[in-house]
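> Quick one: structure below, then a few questions.
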């Protein structure tokens, strides 16, 4: 009896250790997202001083602030190829190294052209980071905690934003020529720390299986699964998704040639001639990425000092203090989302988030419009409405659209197209963000700053309808089970292959064997 109790205690300890190990790996990988958040946060305040020091126009400032989003497209697509080529883990090192170089270049910039060059290099690093962090975290996490763990990248984006705000506040007292350079240059520090942490992270088990390294994948899964049975089940599912026969085992195996994710095949399957199910997966990912940025989230963060200034707060210290409050609110509410994702689900949080953002944007637009119509008068209630609406907006954003934009797209793509699929989503995200952030000041002059936020509220309302009508719930599903939610017959292969009715036997998640003619009707999902 005592021996049995001891064995139970040892097993329990081992399981807890595995959960902690997966937790630690997710944290380390997600820290890559700090570099994006830091840049967003620090530019909101540094841009005020850059404009004064370099004497640039509003248009030049818009371009400077928003152009990184376009540069990051290069990094996102490069990261997709790099992560499939040399692995997810080393790709994180690439992200850190590139951003490190960009931060130093911005910190030592002597003119606008050199600053733009630094933005280009840093932008490529950001593209690497925002693509690889959620993909790695999703692939290493067990299904029961994937929503929680995959929300970490967004938490660290928000934490990075907060660090950027704190940097603004801390270095605002330095001489004009020095202050903004220190704010930007010190961003190299997090990337150095990240590069060192990567060396204690294992490689993604799904990347290892895709490359035939079964022994390595098994070792990683045993360290990140709650029980040995779960590890074996996860390995079997991943092997099926990679097209490796269930009975084929060994330290290193040759992945069947017909299942290797060759670049041209992946592009064809995802973009050029997708099946209806793959098209729905792609549109779901693109929709989340688009509505996250098109609803004006980056404008609220990047231009929050200008928004508060428009609301009647003119003192620089008070402006930066109010902006820090935005950062604190975002960081606190992302923690709330992390604990709700695996309890409530993705769709309810997305709908709640988009609805709350819509109402908050209406309040912000109303307050700014009232203040704009009475430029010479102090209207306390309108100023309070603007501040409250801004804080409410970032709170609603952080419980839904913020973290789920990293979680949902990283879950739904089949293994063979996951890296490219997520990169396409990131490209949509960064492109939309670039367009929105680079047109905000011009749009505000054309339809007033209040009118701009009314426009964004309409986009948020459309997003709420899209999330309700189009997205299936993924909570509690393994990555290898996602395909059947979107109508795929067998996501271990192309959908067309799954409907050919070949005479073969496959194993479904419930352990029942189906022949090739039955598998389509049963919509068995293996990836």
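Note that Cβ sites are derived from N, Cα and C of the backbone, with glycine treated the same way.
Any TrEMBL annotation is an automated prediction that lacks curation.
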> Match it up for me: which of 353-373, 479-499, 500-520 does TrEMBL list as transmembrane segment?
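Checking TrEMBL against the ranges 353-373, 479-499, 500-520, the transmembrane segment one is 353-373.
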> TrEMBL tags one of 244-265, 420-441 as transmembrane segment - which one?
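Residues 420-441 are the ones TrEMBL records as transmembrane segment.
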> Would you say the transmembrane segment (61-80) and the transmembrane segment (420-441) are touching, if the rule is that at least three C-beta pairs must lie under 8 angstroms and be 6 or more residues apart?
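By the criterion, they touch.
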> Do the transmembrane segment (148-166) and the transmembrane segment (379-408) share at least 3 Cβ pairs closer than 8 Å, excluding pairs fewer than 6 residues apart in sequence?
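Result for the transmembrane segment (148-166) with the transmembrane segment (379-408) is yes.
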> Short question: most Cβ pairs under 8 Å with the transmembrane segment (281-304), which of 21-41, 92-110, 453-472?
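Looking at each of 21-41, 92-110, 453-472 in turn, the most contacts to the transmembrane segment (281-304) are made by 453-472.
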> Ranking 21-41, 178-200, 353-373, 379-408 by the number of C-beta pairs under 8 Å to the transmembrane segment (319-341), which range is first?
379-408
> Within the same chain, where does the transmembrane segment (61-80) have neighbours whose Cβ lies under 8 angstroms from its own Cβ atoms, ignoring anything closer than 6 residues to its ends? I mean 6 or more beyond.
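For the transmembrane segment (61-80), the list is 39, 43, 47, 50-51, 91, 94-95, 98, 112, 115-116, 119-120, 122-132, 298, 302, 419-420, 422-423, 426-427, 430-431, 433-442.
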